[in-house]
Structures are given as structure tokens and as C-alpha cells.
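Undergrad: One structure, pasted below without further comment.
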Amino acid sequence: MRRMLLHLSVLTLSCVWATAMEIPMSTVVKETLTQLSAHRALLTSNETMRLPVPTHKNHQLCIGEIFQGLDILKNQTVRGGTVEMLFQNLSLIKKYIDRQKEKCGEERRRTRQFLDYLQEFLGVMSTEWAMEG
């Protein structure tokens, strides 16, 4: 029990340290991809578990579903060890995305500014989104 508490304390401190040190999110994402590959066998050991998998190919539109599946996976996975750091990193990524979404709040601007934003949005959509049919 002491060992587990010590381990959780270390994980908590590392999470606080990562946030305080403002580790670039790109570094956290790369580390998380590596951890995901390393723990894939453990995470897929429960073949009866069913998780929501978006059919849409534009991942940025399905963030809610992705994190809903992640919560289910987290609750059904044996905790502890290095897999705990994977879930810590995924939690940091979710918090980052939530903070970015807060910037979507509406602000009243002139028509020209709105059209500039719309044009930029459509440009991203035409080059970075997988278009269906």
C-alpha cells in the first residue's frame, strides 16, 4: 500500500511539474504515442470491452467521442505502473484541448474580420480535412 501511495505521489508531482514547466504539448503528444504503442497489448487484453469509435475521418470533429472512449478504457484498465503515466499524459492533452476550445468563445467583430476568419477556416478544411464523397 505504501509503495502504491509513493507511486501515486510521484505521478502527481510529475504531472504538476509538467504543467508548471509548461512542457510543449508536442512533446507530451509524442511521448504519449510512444507509451500507447508500448502498452497496446495491455490495453487490448479485454476483448469484450466495446468503445465508441467515430466513423468520421475528421478527428477534430470527434474529440468528445474520443475522450469518452478514453474514459471507458481508463476505468476498465488495471491501474498502476507505467500505464498510469499514459493516462496522465492523455489527461494533460484533454485539458490542453479544453483550454483551446475556450478560445472559440464568440466575440463580435466587423463583417470583414468574420469573412477573413471564414476564408481561413475553409482553406484549412480544403487542405487538411479528409473530404468524403
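Glycine too: its Cβ is placed from the backbone N, Cα and C atoms.
Source: prediction; values computed, not measured.
From Swiss-Prot, here are the annotated features:
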- N46: N-linked glycosylation site (CARBOHYD)
- N75: N-linked glycosylation site (CARBOHYD)
- N89: N-linked glycosylation site (CARBOHYD)
- 1-20: signal peptide (SIGNAL)
Undergrad: Please list, in sequence order, the residues in the chain of N46 (N-linked glycosylation site) that are at least six apart in sequence and whose C-beta is under 8 Å away from its C-beta.
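TA: Q76, T77 - these are the non-local Cβ neighbours of N46 (N-linked glycosylation site), listed in sequence order.
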Undergrad: Let me know the most crowded of the glycosylation sites, choosing from N75, N89 and counting other Cβ atoms within 10 Å.
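TA: By the 10 Å Cβ neighbour count, N89 comes out on top.
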Undergrad: Reported as an integer number of Å, what is the Cα distance between N89 (N-linked glycosylation site) and N75 (N-linked glycosylation site)?
TA: 16
